[in-house]
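Heads up: the structure comes next, in structure tokens.
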Amino acid sequence: MASALASSRCVSSVAGLAVAAKPAAMTGPRVVAPRAALPSFKKIAQTAGVSVATLAVAFSANAANIKMGGDGGELAFIPSSVNVSAGETITFTNNAGFPHNIVFDEDAVPAGVDAGALSHDDLVNAKGDVVTITLTKAGEYEYYCEPHQGAGMTGKITVS
């Protein structure tokens, strides 16, 4: 199939037949928005880039969300194990089966880290209450809920 463009007419050849097409005549006035009213592609791309960058920063700043207590009333941290980068925020949200707290095991944190300073010993009593922490040293951090440790309410955060 071949096509050729000659001035304002397009001539196409289909199975040996030639068809000539003329541009359609304009039937009414053509309305064109003023250039200033149309956003430039560059401006749209810049705005989209800023929006994507903002989302990336927002998501990376809050790297992990951990529920204290499962939706079905389980005495567990959900998820029980997370991986984050150093400096990212981990959010613990009181969900069910409370009261809960977050106690870091002094024998299961990187050397030189004060587990007591990281821990939130106070009991969190209301659904939706939030505790946030930021870990800056790479390594594994094990923690538990003091009232429910015997029921297996433990967790681990790996920081890279």
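Placement of Cβ uses the backbone N, Cα and C atoms for every residue, glycine included.
Automatic prediction, not curation, is the source of TrEMBL annotations.
Taken from TrEMBL, the feature domain 'Blue (type 1) copper' covers 65-159. On the 0 to 100 pLDDT scale, the domain 'Blue (type 1) copper' (65-159) averages 97 in this prediction.
The Cu cation binding site annotation in TrEMBL covers His100, Cys145, His148, Met153. Counting only same-chain residues at least 6 apart in sequence, those with a Cβ under 8 Å from the Cβ of His100 (Cu cation binding site) are Met68, Gly69, Asn94, Leu123, Val124, Cys145, Pro147, His148, Met153.
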Q.
On a simple 10 Å Cβ count over all chains shown, which one of the binding-site residues Cys145, Met153 is most densely packed?
A. Cys145
